[in-house]
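Colleague: Before I ask anything, let me first share the structure, which is written out below as structure tokens.
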Amino acid sequence: METPTPSTSASSTDPATPVSSSNFALFNLPNSNPGASTDDSHSAYTNLLKSALFGPECVGGGNGFQPLTPEKSSSGGRFGTRNSDGSNLLISPPNCNIFKYKTETRKSLHSLSPFGYDDPLPGVSHSPVKAPRKIPRSPYKVLDAPALQDDFYLNLVDWSPNNVLAVGLGTCVYLWHASSSKVVKLCDLGFDDSVCSVGWAQHGTNLAVGTSNGKVQLWDAARCKRVKTLEGHRLRVGSLAWSSSLLSSGSRDKTILQRDLRTPDDYVSKLTGHKSEVCGLKWSYDNRELASGGNDNK
């Protein structure tokens, strides 16, 4: 009966030994040279582990694992090393480069094409498909508007933020409440005057009314009461535009008056430049610029 040598006992039972036969079994490797030295086995196992986890580029030359070309690989393995007798040892790790990732291409949710933006196809549009807008052929409601002036230079209809429609008919202004279909007569200018324009304030219930006598009347529609009358124009006022507390009025006298309702003055500035009647006014969405249209082509 023979007693095992200390080296043999250490390599098979010592828990501090870094390499054992189970390490090769972990990657389905045949332990073809059980008599190899401990250093060689530890180096082979370390290189194999690095190659499996981080890819072959992380493993150096020498005794490390190098990627095999298709010509040199006869059994389809990806990585290889050499045994101590010079023969090639082919391995196929079950999962290579497990810490690597690929950036996904972000696609639009509205895209109908299965391809990304990096590989567009000719004739294929990536813009979202909009459903065709259906416009009814007939109005859902018709309002009687007798005495509505047949003059496209006038602005006789305006809709308020409170869903109230103001209409100028002859010498009167009527309010139609869309929520209840209720009609209210706001004012009557009299037989010697007529309504040429109406304009709701951006907030509140104030309504500006431009007249044929060159005046602008400010009405509180909630109370049906006139608040103020502003002068300054010599001829009819056919266009109005609000910008917060600033009211712009355009007239047939070719001028635009800027009126600040916080001051007692009729207007704070006058804009000239049109050669004929000012027919349209509109402030930009940020209330910084004013667009005006005039009948200057005559």
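For all residues, glycine too, the Cβ spot is worked out from N, Cα and C.
What TrEMBL says about a protein is an automatic prediction, not a curated fact.
Summarising the annotation, TrEMBL assigns compositional bias 'Low complexity' to 1-22. Sequence annotations record features per position, and here TrEMBL assigns region 'Disordered' to 1-41, 63-88. According to TrEMBL, the feature compositional bias 'Polar residues' maps to 23-41, 71-88. Here TrEMBL flags 173-244 as domain 'Anaphase-promoting complex subunit 4-like WD40'. According to TrEMBL, the repeat 'WD' annotation covers 188-229, 271-298.
Could you place these features in context, so I can see how deep they sit and what lies close by?
Modeller: As a summary of secondary structure, the domain 'Anaphase-promoting complex subunit 4-like WD40' (173-244) carries 0 helix, 42 strand, 30 coil according to DSSP.
Tertiary neighbourhood of the repeat 'WD' (271-298): same-chain residues 153, 155, 235, 238-244, 248-252, 254-258, selected by CB-CB distance under 8 Å and a gap of 6+ residues from either end.
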Colleague: Would you list the DSSP helix, strand and coil counts for the residues of the repeat 'WD' (271-298)?
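Modeller: Helix, strand, coil within the repeat 'WD' (271-298): 0 helix, 13 strand, 15 coil.
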